Amino acid sequence: MRNLLDLSQDELANLLSPKFRAKQIYEWVYKKNARSFDEMTNISKDVRENLKSEFYLDPLTCVRSETSKDGSIKYLFKLTDGKTIESVLLPMKEEISSEDGSVERHARYTICVSSQVGCKMGCSFCLTAKGGFVRNLSAGEIVAQILWIKRENNIPYERRVNVVYMGMGEPLDNLTNVSKAVSILKDNDGLAIGARRQTISTSGLASQIKKLGELDLGVLLAISLHAVTDELRAKLMPINKAYNIAAVMDAVRAFPIDMRKRVMFEYLIMDKVNDNLSDAKALVKLLHGIKAKVNLILFNPHEGSQYQRPSIENVDNFRTYLQSRGVTCTIRQSKGLDISAACGQLKERSKVEM
């Protein structure tokens, strides 16, 4: 049997007659949250029985969830082959001014999804890397994370949702399936999550950044930089030996980005590793001529890590210097730290307690 979520609407239409059935099914699955074909009451019983014999709708089983004191929720999902992945819901608040001048607070959601079971990149600061690489996720397994989390939390279809490919795995090492997931999520008959609400993060696979740009999906790009010299970056991120900083920056400069948006550079700050003012100065030079936003991330500790969280003073000084030189810079508020759901803390669980 096949995972129906792996199919774009066009692919599904090519398998069905009449073709408009594909739109009906898409709307049932993505807009009406149908979890079985039996719920699709405007489709004949014979067609539903045929669909049940060929497809399944839910490739994920939630093994457990943990809720952080900040409201973040981490989910451990089991796939059909027994492998596991983790995803995170990050609820936030945004203020919207109404016509009468009053300010209303609305929930805004970001869903952090995994693109692989494990990861090949071997970054020394990341817990996901400790378990090695197992396999790529299919497009449907990626889409299912968003669909399941939205459904579980009763997030209205029309509510604003952002998707960040920053969970387990290197998204550009699974570019075919990630790009297909982006397109499925964009479908207006599906979840209708626009490309500008989807951010793909990469450790710096320069050749794949180029391929992603050629696909012209309209997604936002985030670069996990974390160091300003090749020597240090190669120690932190072995991928730098294949694609050094210069190669990554060349790929970024060639990447098509919306005029209203910026390329995000993620910079994980670690105590006495990359947190001094000389690093900040070198970063400003490195980003010269690029419409960039720097996201400073305080290292999130995990068992067995050789790194430590930096002092708030050093982080503030780092940010202040970047801003004084005209670089847009924010300090990411790490959500889910108390449930190991923050950056670099997700991992595959080979033995799951059911």
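Glycine is no exception: its Cβ is also placed from the backbone N, Cα and C atoms.
Record features, source Swiss-Prot:
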type	residues	note
ACT_SITE	Glu86	active site, proton acceptor
DISULFID	Cys112-Cys343	disulfide bond
BINDING	Cys119, Cys123, Cys126	[4Fe-4S] cluster binding site
BINDING	Gly169, Glu170, Ser201, Ser224, Leu225, His226, Asn300	S-adenosyl-L-methionine binding site
ACT_SITE	Cys343	active site, S-methylcysteine intermediate
Candidate recorded positions Cys112, Ser201, Ser224, Asn300, pick with smallest Cα gap to Cys123 ([4Fe-4S] cluster binding site): Ser224
Coarse DSSP state, helix versus strand versus coil, of Asn300 (S-adenosyl-L-methionine binding site): coil
Inter-residue Cα distance where the pair is Cys126 ([4Fe-4S] cluster binding site) and Ser224 (S-adenosyl-L-methionine binding site), in Å: 12
Entry from the recorded positions list Cys112, Cys126 having the most other CB atoms no farther than 10 A: Cys112
Of Glu86, Glu170, Leu225, Asn300, i.e. the recorded positions, those within 10 Å of Cys119 ([4Fe-4S] cluster binding site) when Cα atoms are compared: Glu170
Rounded to the nearest Å - Cα separation of Asn300 (S-adenosyl-L-methionine binding site) and Cys126 ([4Fe-4S] cluster binding site): 9
Inter-residue Cα distance where the pair is Cys112 (disulfide bond) and Ser201 (S-adenosyl-L-methionine binding site), in Å: 11
Candidate with the highest Cβ count within 10 Å, taken from the binding-site residues Ser201, Ser224, Asn300: Ser224
Max CA-CA distance, Å, over listed S-adenosyl-L-methionine-binding residues Gly169, Glu170, Ser201, Ser224, Leu225, His226, Asn300: 19
